[in-house]
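Colleague: My questions all concern the structure below.
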Amino acid sequence: MKKKVLTFPSEKIGFSSDNEEFDLVMARGDYLAKNKSQKYMIIDMLGTGTFGQVVRCVGSDGEEVAIKVVKNQPKYYNYEMNEVRILHKLLYNNLNDRFVTIKDVFMYKQHLCIVEELLGRNLYTFLKMTRFKGLDHPTLRTILHQILEGMVQLSLLGIIHCDLKPENILIADYDTFKIKIIDFGSAVTSPQGSHFYVQSRYYRAPEVILGIPYGSSCDIWSLGCIGYELYVGHPLFPGKDNMDQIGRIHGLFGSLPMFMLEHGKNSSTFFEKENGYRFMGPPSNFTLEDMKKMIRSKGNSKEDDNMLIKFLLRALQPSHLIRPDAKSLASHSYLKVRDTSAEADKACNDRSGVQQNIFPANKNMRHMSTTGVILPSKKQKPTDDRRKISVYGISYENNLNRDSE
């Protein structure tokens, strides 16, 4: 019986095992072999994207895993080897409670294969399951606290993630809402200069856009954007390009710190030095008051809403120099649970307004979505244009829309 080919395009080029996009052509039932005794049988395709493919496999020991099969090109190999090095560093330091666990790495037919634990849905998929109505305070509080725990651990090792976003935060346990952070391909281990953009655009810090040397505070900015999106249901700064992105940030706060505009090597691209730096793009009509109204419009606890607003505004300080670090932000009053049992019960059982029956009854079925990719059913419509999900949580089609430029 002919095996079902999972890779598209499925035509191999010449005598190679790759298609025209440098992806390994794989079929259900094929094996990815590290050696003669250690093989992984391919069960299903979990996602495809800019850097390659992710397949669900079962190992020789019967354990199900997710394997990233990287495109057969040096630039993608180098990118993913950066993630391998950082994941090994986290594993060596026993810091895998908040991060995806790397299990193995090997080469197969000139493709880098990264074996990782199988996880659940990412937070964007989970948000989609709420029909973008957003999460409630107990659930959001649980998630933000864990992300900050992970960020504190990263800071101890001098690691800057550089691509925090809902797609790169996966649910490891639906009963406790345990999450894990994935995708360290863009991560760095020291403060960086301003020679290239990092971060997906919706979550990109102003210092990165302006071309100012950045550090771990850029991750704090991303966290603030994530917090708003998870609660309200849509991104805070859905910029179409960097001009639109910095314009939305500028519009929300009314202005940006003068020293950032003076020292940003890209400032002249967005601002004209006339009467104190005039923004050259179209004005944004979404103000700080609009942001507060959106949060309060959900009709939840006013006290919680107000504390969340204060939390987000601390994380979203336009100046990276006064933005709090992860340890400081983790002690914010919004994250302090007043009634632990009540909060936990609500976070674990209410599912933030998500219908109970959308959660698979059996945990093995929960593992059907993994590694930051959305698993569309045959009846499901394609993901909307603003987020073309890829293997590594990075936009598909050359990072168009929210991730590019």
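Note that Cβ sites are derived from N, Cα and C of the backbone, with glycine treated the same way.
Heads up, here are the entries from Swiss-Prot:
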- D163: active site, proton acceptor (ACT_SITE)
- L46, G47, T48, G49, T50, F51, G52, Q53, V54, K68: ATP binding site (BINDING)
- 40-335: domain 'Protein kinase' (DOMAIN)
Colleague: What is the separation, in Å, between the Cα atoms of V54 (ATP binding site) and the residue listed as 'active site, proton acceptor'?
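Modeller: With distance taken Cα to Cα, the residue listed as 'active site, proton acceptor' is 19 Å from V54 (ATP binding site).
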Colleague: Averaged over the domain 'Protein kinase' (40-335), what pLDDT does the predicted model reach?
Modeller: 95
Colleague: To which of the binding-site residues T48, V54 does the lowest count of other Cβ atoms within 10 Å belong?
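Modeller: Counting other Cβ atoms within 10 Å of each of the binding-site residues T48, V54, the minimum falls on T48.
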Colleague: Could you tell me which three-state DSSP class G52 (ATP binding site) falls into?
Modeller: strand
Colleague: Can you tell me the CA-to-CA distance separating D163 (active site, proton acceptor) and L46 (ATP binding site), as a whole number of Å?
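Modeller: Answer for this pair: 21 Å between alpha carbons.
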Colleague: Within 10 angstroms of the C-beta of T50 (ATP binding site), what count of other C-beta atoms is obtained when all protein chains are considered?
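Modeller: T50 (ATP binding site): 19 neighbouring Cβ atoms within 10 Å.
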Colleague: Can you tell me how spread out the ATP site is, meaning the largest CA to CA distance among L46, G47, T48, G49, T50, F51, G52, Q53, V54, K68, in Å?
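Modeller: So the maximum pairwise Cα distance among the ATP binders is 14 Å.
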Colleague: D163 (active site, proton acceptor) has how many other Cβ neighbours within 10 Å of its own Cβ?
Modeller: 26
Colleague: L46, G52: which of these binding-site residues has the highest Cβ count within 10 Å of its own Cβ?
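Modeller: In terms of Cβ crowding, the pick is G52.
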